[in-house]
Structures are given as C-alpha cells and as structure tokens.
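Quick notes on the structure that follows.
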Amino acid sequence: MTTNTVSRKVAWLRVVTLAVAAFIFNTTEFVPVGLLSDIAQSFHMQTAQVGIMLTIYAWVVALMSLPFMLMTSQVERRKLLICLFVVFIASHVLSFLSWSFTVLVISRIGVAFAHAIFWSITASLAIRMAPAGKRAQALSLIATGTALAMVLGLPLGRIVGQYFGWRMTFFAIGIGALITLLCLIKLLPLLPSEHSGSLKSLPLLFRRPALMSIYLLTVVVVTAHYTAYSYIEPFVQNIAGFSANFATALLLLLGGAGIIGSVIFGKLGNQYASALVSTAIALLLVCLALLLPAANSEIHLGVLSIFWGIAMMIIGLGMQVKVLALAPDATDVAMALFSGIFNIGIGAGALVGNQVSLHWSMSMIGYVGTVPAFAALIWSIIIFRRWPVTLEEQTQ
C-alpha cells in the first residue's frame, strides 16, 4: 500500500516538474512580447523592427520541429530532455550577454531549437508518467503550466525587464531552467522512446482529412491572434496612450483569463469541444474587431483582454486535444507537426503585425487580425459539421 502511494506521489511529481518545464518554455517564447520596447531602446531600433525576432523564433520552431523529432525518435527521452535543457540554458546565457541585436537573434534561434524538440515530446511523456487513470489530469497540468506562462511568466518577465533590464529577464529564465533540469535529472527514470512514429507515419497522418483540417484551422486562428497580440505592449503605450504599468497589468489580466478558459474547457470539453472551439473563435473575432475602439478606456481594454484570454486558452486546448485524439498511434509526430504549424501561425501573425505597424499604422492590427479570424470561424463550422463524430469520439 505504501509503495503504491509513494509511486503515485513520484508519478505526480514527475508530471508537475514537466509542467514547470512547460511554464519555462512558454514563458521564454511569450516574454519578448512584453519587452519589445525595452529591447528596441537598448539597440536604438524601432519596436516594429525588433518584432521580427518573434517571427524568426516561431518559424525556426516550425521548420525544425519535425526534422528534430525524427532525428531523435530513437533517443532515450531522459537523455534527450537533459540535452535540450543544456542548449536552452546556454542560449539564455548568450541572450543575457548579447552585445548586438544579431547576437540576440542567434541566441533565440538556439532556444527555438530546444523548443522544437521539447513540445513534440512533452504531451506524450506526461501521459506516460501519469498515475494510472490520470492521463487527462496530467495533460491538464501541462496546459496549466502553459497558462501560467501567460498569467505569471510574461508579466513577471516584463516587470523584471522594467526594473532590472530585459537581459536579466532572460538570465532569470535560464536560472529557472537550470533548477528544473536538476529536478528532472533527480526524478525521471529511463524513458525509452515509445509511439514516436517515423517518416512512415507521415503519409498515414496526411491521409486523415480531419487531422489536416485541424492543422489548417490552427495556423489560421493563431495567425489572427498573433497579428494583434505580438504588438499589444507598444499598442497599449503608443496607440492607447496608457502607462507601461498598465501594459503590464493588461498582460497579467489577459493571461489570467486563460485559467478561466482552462476551467471552462475542463468541465465542458469532453462533450462540447467543437462547439466550444467555434464559440471561442467567434469571441476572438469580436475582441480583435473591438481592440481599437476599446483603446479609449482602460476599463474597456481590461474587459476585452479577459474575453480574449478565455478565447485563446479554449482554442489552444481544443486544438491539442483533437490532435492527440486523431493520432494516438504517432503522438510525437503529430504533436511535432502541431507545434510546427502553431509556430507558423505565430510567425505569420507577428510578421503581419510587423508589416502593418511599419507600413500602415499599429492602430490597425486588430482590424487586420479579424480577416484570418473570420476565415477560421467559417472553417471551424465547416469541419466540425463534416466530422462531428471523428473529432469528438476518438478519445473514447
């Protein structure tokens, strides 16, 4: 009896440590959103010019997720996690030391390499290490780590950047990663590769129209979100005319609302996943359309950010759950593709926001984001009517 209790505790401790790792990886991806103005000032650049760093990072992840996953498909997972954390930590040290914007971008590419592998294996590892009958809760913990990156990681990173300089933000993330690495070394057993798939899995996955439709929906809706979200910090300060402290509070509010979205999806996702995702996309569309009109009031922007955060968390969870349900025989390949496609959307959205800000007006980022958001809404309605059972019932 005691052995079972201890083993369950250890199993949960392993999953929690993975969730902390997810928090750290997501924090470092999102945190530049809150530091763009400071980094731009440091290198005497325009904020929109620095924003291209977001696109480069995201597209490196998109490009390398599948190749790296296939290259490491037979590598024992504990060893793989240790190696990618070493690369992650070293890259953050370089970010801290970066003496030019080019060096900063190079350091971020190193982080992106580690990111590409991490997110292709994390969901399946959490499921493997979860106590018996607790797979859904394990995935929920990983999702919570992701949500907390928005709730705590991004705002805390911005606060550290405001008071101690943006370099210290990256250094602090590196220290957090080092502590997490030591915990992983202590806790994780040997984890031989399982269900990782191979190149042979790709034609099989590509022949699943429901899965391909989810991938397409993902890239379009993420593009819509990041067209505006990538530049929300300079938008709040330069377009709305509010303080840097309010920009920090708004990021905290938007991220915190994601936890509400996670709770809603946790309660209703099993029965109404498709309806929830479509409703969330419609809510995102409304938020983007109202971004500029809401910029005349801190209260209006605050309320809008709550609904925006709820919508994006439901969308993100819904997409991940459906991908895992539609590819149980090749989870690592499917999640590597998902991570790559998600990051194509991040990069595309950041690039669109960059071009709108440079060549038109940053005030228009919300309106421009409504175009892919509307397309995503129509596509979600079409595919969820076309495959209502396939998407909902394969988890049973």
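Just so it is clear, glycine is given a Cβ too, placed from its N, Cα and C backbone atoms.
Swiss-Prot lists 1-14 (among others) with the feature topological domain 'Cytoplasmic', giving sequence analysis as the kind of evidence.
The topological domain 'Periplasmic' annotation in Swiss-Prot covers 36-49 (among others). Counting only same-chain residues 6+ beyond the ends of the topological domain 'Periplasmic' (36-49), those with a CB under 8 A from a CB of the stretch are 100-101, 104, 161-162, 165-166, 231, 233-234, 237-238, 244, 354, 357-358, 362.
The topological domain 'Cytoplasmic' feature in Swiss-Prot is assigned to 71-80 (among others).
Marked as topological domain 'Cytoplasmic' by Swiss-Prot: 124-135 (among others).
Cβ atoms under 8 Å from those of the topological domain 'Periplasmic' (157-169) belong to residues 27, 31, 34-35, 38-39, 42, 95-98, 233, 244, 247-248, 251 of the same chain, restricted to positions at least 6 beyond its ends. Per Swiss-Prot, topological domain 'Periplasmic' is recorded for 157-169 (among others), and the stated evidence type is sequence analysis.
Summarising the annotation, Swiss-Prot assigns topological domain 'Cytoplasmic' to 191-208 (among others).
Sequence-distant contacts of the topological domain 'Periplasmic' (230-245), counting only residues of its own chain at least 6 positions beyond either end whose CB sits under 8 Å from a CB of the stretch, comprise 33-37, 47-48, 51, 54, 158, 162, 251, 254, 291-292, 295-296, 298, 301, 346, 349-350, 353-354, 357, 362-363, 365. The topological domain 'Periplasmic' annotation in Swiss-Prot covers 230-245 (among others) and is backed by sequence analysis.
Marked as topological domain 'Cytoplasmic' by Swiss-Prot: 267-274 (among others). If you average pLDDT over the topological domain 'Cytoplasmic' (267-274) in this model, you get 81.
The annotation topological domain 'Cytoplasmic' is assigned in Swiss-Prot to 320-332 (among others). In the topological domain 'Cytoplasmic' (320-332), helix, strand and coil residues by DSSP number 9 helix, 0 strand, 4 coil.
Secondary structure of the topological domain 'Periplasmic' (354-363) per DSSP (helix as H, G, I; strand as E, B; remaining residues coil): 8 helix, 0 strand, 2 coil. Positions annotated as topological domain 'Periplasmic' by Swiss-Prot, on the basis of sequence analysis: 354-363 (among others).
Sequence annotations record features per position, and here Swiss-Prot assigns topological domain 'Cytoplasmic' to 385-396 (among others) based on sequence analysis.
The annotation transmembrane segment is assigned in Swiss-Prot to 15-35 (among others). Long-range contacts of the transmembrane segment (15-35) within its own chain (CB-CB distance under 8 A, at least 6 residues past either end) are made by residues 53-54, 57-58, 81, 85, 88, 92, 108, 111, 114-115, 118-119, 122, 125-126, 129-130, 138, 141-142, 144-146, 148-150, 152-155, 157-158, 161, 166, 169-170, 173, 176-177, 180, 183-184, 187-188, 229-230, 232-233, 247-248, 251, 346.
Marked as transmembrane segment by Swiss-Prot: 50-70 (among others). Long-range neighbours of the transmembrane segment (50-70) within the same chain, counting only residues 6 or more positions beyond its ends whose Cβ lies under 8 Å from a Cβ of the stretch, are 29, 32-33, 36, 39-40, 43, 101, 104-105, 108-109, 111-113, 115-117, 119-121, 196, 198-199, 226, 230-231, 332-333, 336-337, 339-348, 350-351, 353-354, 357.
The transmembrane segment annotation in Swiss-Prot covers 81-101 (among others).
Summarising the annotation, Swiss-Prot assigns transmembrane segment to 103-123 (among others) and lists sequence analysis as the type of evidence.
Taken from Swiss-Prot, the feature transmembrane segment applies to 136-156 (among others). Listed by sequence, the residues of this chain that lie at least six past the ends of the transmembrane segment (136-156) yet keep a Cβ under 8 A from its Cβ atoms are 15-16, 18-27, 29-31, 33-34, 122-123, 126-127, 129-130, 248-249, 251-252, 254-256, 258-259, 261-262, 266, 309, 313, 316-317, 320-321, 324.
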Beyond the flanks of the transmembrane segment (170-190) by at least 6 residues, Cβ under 8 Å: 10, 13-14, 17, 20-21, 24, 27-28, 31, 76-78, 81-82, 85-86, 88-89, 92-93, 95-96, 107, 157, 160
